[in-house]
Amino acid sequence: MASLELYSKGASVWIPDPDAVWVSALLLQDYSPGKKHLPLQLTNGKYPVGSPSDLPPLGNPDILEGENDLTALSFLHEPAVLHNLRVRFLDYNSIYTYCGIVLVAINPYDQLPIYGEEVIDAYSGQDMADMEPHIFSVAEEAYRTMTREEKNQSIIISGESGSGKTVSAKFTMRYFAVVGGAAQQTSVEERVLASNPIMESIGNAKTTRNDNSSRFGKYIEIGFGRKGDIIGANMRTYLLEKSRVVFQASAERNYHIFYQLCASRELPEMRSFKLDAPEHFRYTNQGGDMQISGTDDLSDLERTRNAFTVLGVQPDQQMELFRILAAVLHLGNVNIQISGRNVFVHYLYYPLPLPPPPQAGDRSLAIFSKLLGVDGPQMAHWLCHRRLAVGGEMLIKPMSGQQAVGARDALAKHIYGQLFTWTVQRLNSALRSQRGKARSFIGVLDIYGFETFDRNSFEQFCINYANEKLQQQFNRHVFHLEQEEYIREELVWSRIEFSDNQQCINLIEAQLGLFDLLDEECRMPKGSDESWVRKLYDQHLTGKPHPHFRKPRMSNSAFIVLHFADTVQYECDGFLDKNRDTVFEELINILKASQSELVAELFQQQGNVSSVANGSVRSGKRATREHKLTVGFQFRQSLQMLMDTLNSTTPHYVRCIKPNDLKEPFLFDPGRTVQQLRACGVLETIRISAAGFPSRWTYEEFFSRYRLLLRGPQSLDQAQASCRQALPELIPDPDQFCFGKTKVFFRAGQVAFLERLRAEKLRVAAMIIQSRVRGWLARTRYTRICWATVTIQRYWRGALARRLALTLRYSKAALVIQKTYRMVVVRQLFLMIRQATITIQAFTRGTLERRRYRLLVAERAAVLLQARVRGWLARRAYRRVRAAVVFMQCCVRRRAARRELLKLKTEARSVEKYRELNKGMEVKLMQLQLRADQGVGERKSQKHEKPQPCTVISEKEVEERRRAEEKAVSQASAALGAALDEERRKYQGLLRDFTRLEQRYDNLREMSLLTEVDTHNHTTTQTLTHTHTHTHLQTKADCSGDQTHARSLCSAAVTALKAALKTIDSDELAPLTTDVSDLIRALSDLCIQAYQQLLSITEKHLQNIIVPALLESEIIPGLSGSAVKLVTSRKRAGSDPRAVGGDAPTMASVLRKLGALHTALSRQDLPPTQMEQAFHQLTYLISSSALNSLLLRKDMCCWSRGMQIRYNVSLLEEWLRSRGLQAGGAVATLEPLIQAVQLLQAGKKTEGDAQALVQTCTALSGQQIVKILTLYTPHSDLDERVTVNFIRTVQGLLKGRSDGHPQHLLMDVRRVFPVTFPYSPPSVLHAEQLVIPDSLKISFLRRV
């Protein structure tokens, strides 16, 4: 229990609630021992307290809300865990949360964009403690630990049906396939992923809780080689629910494969199976739900068949497998009826020599027999009879109707079980390593979680027993890790007690336990469920009462087991039959004689049938050791093998939680969640952590946070000494803390106590500062009041004197104004009358003159109008004729150009025209350019040759025509340019795809082309420029360090020169001129290959230092020292130690590598445009990698870290501008990262701040903005967490933003920008400037 001092006024506590499980309340008064009630801010207002142990749990500080790791909470208890998961799931949409070494995964029931390849790239190679919780983080931790320590790993994924176990396992395997594969997915990784749809179709079914529930457990071992690449895999399965084949509860379905076959019944290859809709088969219509919303059974079957093909299963074998499954459906429709007086005689029974009677059930039996290739009459006979050994004689006895139905269902279950086992074996043979033995493996365990239903039977009993074993292994592993930490820090500690469920396990598996008594009852000739349950009562209730065994009050055919997760009542009905899982030997012998090779193969190994956990084969003579063939015994054996495997590996745990039973997206049911947290062991992890020292700080972190509480030297170098000296004074109880070698450890609640002391210290200091400031403000105010009083008096007296003087002046002025006003009024009246008279005269004279002028104008306008109309009619006729001619010419040329463009696009998409396209690319470009120039020339000539029919055509019309023609020409040019750019991009994409495959072929082709060209050089006369191009190619190959290319090019050149000189007399001169136009394609390929290889090598060198240099390096000294997070998450045991000090990469390391690349490119005289494109690609890699890591790391999303990152980015910007590389877009690619940093530094409180953020962050998508706001964590008391209301305001503003950005979370690190290589003519090189090396052995050449 936390210190009673923490129960003060305003403290937050958790109160039990029947609906919400726990609700938060505030204390209205301080608690003191002896009080019977706590006054709370609730409806009833009081909480009864009998003793201090009855106090409600305390709430954590607000700064810890939404923590990544539950063990980092100050108060570790159930309500704190539930509240933290609810906040992360509902407010932050984060479905993953750490709980120590456990990853808690809540099923969102929605598609989230957090599983793409860009997310895999972001988590690959990163530390688990640094990144946001994710299933990829657990997979990366297992992969890194395996490669580093060469020790096998296991990922244990558990949870109840519908919690997302299968999806988590699939994403884990996908991560290993991508990280452990090559650059592109190899056949091994493809086969590993292809096993998922197969196992889902034959092992998954719809239940009331999950539409795709795994009805079996599986453990997949993925083997890795020395280099960490996948070389094989192996799968083990556990406890297939075979009873589902013959029975489904309401609203449930059989296995998916049956419905997929029924949906594909119209396919030609499936018609021979005689299938019908699933409503017409007894084994598929019992649940009443034939279809799953959102799924297509026909397409799922196609995906299953494709997966079989990937795994090497031939189509004929697939059809044999589907044939057997169809036969199982028809077997369920075989109707068993009683006929005649004898109740043991059925219509299916008839003497073997006679034909069967024509009954309705005969059709299903006939189809079943035909599909399996067995004898129908024999199958009908032995479905209704059994063979008994009595006194050494074999007797045939008819079975009752119930027994015959049971025999039919047992046969169907046995066939499906054998087929399931064969499929698993076939998958394992396809996944087996072909490259030797795996060096290590990672196992992925996808197993059923703890189950409790209204009626629990044998399957739930086995499942819960397996979870008991797994929980015991989990508890011991967590306890072991906790104690290892204490030993490593050399703590003096007492042993932590944890709940061990060994007693419950002994009740189930020990001698005379539940399984032992069940197997014993199965060996009895007349054993029954009732006699077995009576033995249980006698052994574990009457004889020696067991603490985990109880008897229900109202039932004598059930028993109760107190499991670690819950108390479960099991109904004994059917336990013996399911444990025996017996199939009669006569039916198996019929199947062995099947004409189908696959059917015969399934049942040939009769002696080994029981070893695959598919039940026993029962003959007339009972086996002496039949108890070893029971399902329970086999399950115990396989489970023990699994536990031995898990104990020999390093486990990693994933606990999947189902948030609600309605399958609604992002709906959180606290009651269901708490039930699963208790069942999956998460709360047990919390309890073990809380029992020890859950809070742990390094001395430097503790000193930086609580420096004001410490005494003595205030130096970071002496932090440990200061902590050891001050902590005993702050926390009197020495049992509440402990000093380690590098850390100080605290019990639960002590960090909150220190936070309270720190807040009190700050409060007292604030009060002293406030009193001093208030006194100073009061004295200053009094002085100002005195000065203001005197000033007001002085100003008031002056105002009165000025008012008197002003009155005298106003009186004198009034007299003057009156005199002047009267004079002005009389004068204005006279002037107005005179002006009116003059105005009337002027208007009268003007009217007469205007009337005479209008008559003259009308006569002149009539004459002019006639002339203009006649001219306009003539010009309009001419313009129409000319416009029609020009428009027709444009249409014809545009149609021809479009046909040519479509032809070029069609040829560009064809791989067969690849050679012709590249060979004629330059000619086509020149023709297109020439055609565009000719079009422009024709329009110009037409413009100059236009006739001038009339001089009255206005200049405005000429200008408009000229602009229209120029616009048409510019549009045509733009279209041609776009077509050329598109062709260039497709051309470069094709080159990237074929570069690796054609590398060796290109070398041989270059030699052949060079030899052919040089052999015929006497027929070609070109300039020495082409020879310089060839020599330049040799020089480039030699400088690249590729000895093979250099040697092959030099040898080809020498051979060609010698061959050319042999055809010329010794006295003649052979010109060193040749035509290398045929080599343009080879040179272009070589340029692109060299460019891509250069960027690939540079990116590989930069990849590992981008995040440490841009995000983690602290170039600004002292900035992060004052920003210490309240509680930090623990480092995992398998995490790599980070480089510190001078070994850590900084921005200087990045700039050094970029500078080396820039220097090398400058020495090679690379064109500036080419260099700008290269650094544009590299800066995009830097920006996208840093931004992706920032979006997945909560510790980086704070104000101080934003300052550091912005400074680091500014160094990169300055470096780019100093080299003149900003023009190529290199600086622009840094804009998303810059805006993300600005988002960290901007205000995040008001609606105005939200609008400013949305308007500023235009380079970020809406998901990225919301993710950064969600991850934002204050690292100091001066900062505040971003509220949920502010985030929702930003989301509302983002909905109205239409910036064209795709709604993605992470940037595509693998994006490659198109590159263009501009033509740069070589410099003129004369013969006397050539330097011929002696190593070429061409001394026979002479200079002239």
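A Cβ is built for glycine as well, from the same backbone N, Cα and C atoms used for every other residue.
Whatever TrEMBL says is automated annotation, not expert-curated.
The following features are taken from TrEMBL:
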BINDING   GLY159, GLU160, SER161, GLY162, SER163, GLY164, LYS165, THR166  ATP binding site
COILED    980-1007  coiled coil
DOMAIN    65-759  domain 'Myosin motor'
DOMAIN    1051-1296  domain 'Dilute'
REGION    639-661  region 'Actin-binding'
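Mapped onto this structure are the features recorded in TrEMBL.
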| residue | record | Cβ within 10 Å |
| --- | --- | --- |
| GLY159 | ATP binding site | 26 |
| GLU160 | ATP binding site | 25 |
| SER161 | ATP binding site | 19 |
| GLY162 | ATP binding site | 21 |
| SER163 | ATP binding site | 25 |
| GLY164 | ATP binding site | 23 |
| LYS165 | ATP binding site | 27 |
| THR166 | ATP binding site | 22 |
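The Cβ centroid of GLY159, GLU160, SER161, GLY162, SER163, GLY164, LYS165, THR166 marks the ATP site; residues of that chain outside this set whose Cβ lies within 8 Å of it are ASN107, ASN210, SER213, GLY449, CYS656, LYS658, given in sequence order. For the region 'Actin-binding' (639-661), residue counts in helix, strand and coil come to 9 helix, 8 strand, 6 coil, using DSSP.
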